Amino acid sequence: MVGFKATDVPPTATVKFLGAGTAACIADLITFPLDTAKVRLQIQGESQGLVRTAASAQYRGVLGTILTMVRTEGPRSLYNGLVAGLQRQMSFASVRIGLYDSVKQFYTKGSEHAGIGSRLLAGSTTGALAVAVAQPTDVVKVRFQAQARAGGGRRYQSTVEAYKTIAREEGIRGLWKGTSPNVARNAIVNCAELVTYDLIKDTLLKANLMTDDLPCHFTSAFGAGFCTTVIASPVDVVKTRYMNSALGQYHSAGHCALTMLRKEGPRAFYKGFMPSFLRLGSWNVVMFVTYEQLKRALMAAYQSREAPF
């Protein structure tokens, strides 16, 4: 057995909620530069943006984007928006991942045998609910990642200032900009990510190919990351473009998608695919492995605390 052993008592909803948020923050700390590179590649090619996005710099590939940012803006630019990113994960992942099992049990009325329909419904529900809670943090994160440090063109100097500036200049609705594509994206992401992880893990365990241990969690998470990237990339690119756009640049998320298609062609919807996959694949591995271990560690600590002397 590698890592913490599974406990006799299943993890509580609170343990899952806190464990998911904490694990997601750890995953973000490790993979954030890849996410920033993804955002820069996704917005490349826009004729207009809300914040200065180093238009003179041409990004080519994941490594090229990272090296260009380090050379022109410094290493810290790779972590632009990290504070908002951690705020997002603590509120976002806690809901979409931490509540997934509880919502799945609700739809199956407590049955241990959840069908694919119940899993998809649970994933869509928690994904959409998480967006409603965490959208402002996502908007601020994307704005920070998109803006360049070089040449004094930074629009926001701090996370708190970003929230205030957006609310003052664009209204409260500005903080929920891009909610529609984000709801669509996260319903898709959650279904692809959690359901695929669920199914791969169940298949490996039922076929006795692996035990419920780190290698099983690693394999399931990596497979889920690849499937999710393929399915969700088009919506993710539209979401990023729309949230980073200037006031009035796009009338809606649909208008943003049509503009991309007309000006840049279908391939624009898969801009930043490689950093998306590298980020989502590695993020999934770190998050799910950490999440599984945190659940076991927290329940072991809880049981030892409750155990009689």
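Residue 1 is the first one shown; counting continues down the chain.
Note that Cβ sites are derived from N, Cα and C of the backbone, with glycine treated the same way.
Both F106 and R305 carry the same topological domain label in Swiss-Prot, so the record keeps them on one side of the membrane. Away from its own ends, the transmembrane segment (218-242) comes close to residues 39, 42-43, 46, 142, 177-178, 181-182, 184-185, 188-189, 192-194, 196-197, 200-201, 204, 210, 250, 253, 256-257, 260, 268-273, 276-277, 280-285, 287-289 of its chain (Cβ-Cβ under 8 Å, at least six residues beyond either end). Between the candidate recorded sites, K141, R185, the densest Cβ environment within 10 Å is the one around K141. In the topological domain 'Mitochondrial matrix' (243-268), the DSSP tally of helix, strand and coil residues is 17 helix, 0 strand, 9 coil.
Summed and averaged per residue, pLDDT over the repeat 'Solcar 3' (212-297) gives 88. Note: the CA-CA distance between K141 (site 'Important for inhibition by GDP') and R185 (site 'Important for inhibition by GDP') rounds to 16 Å.
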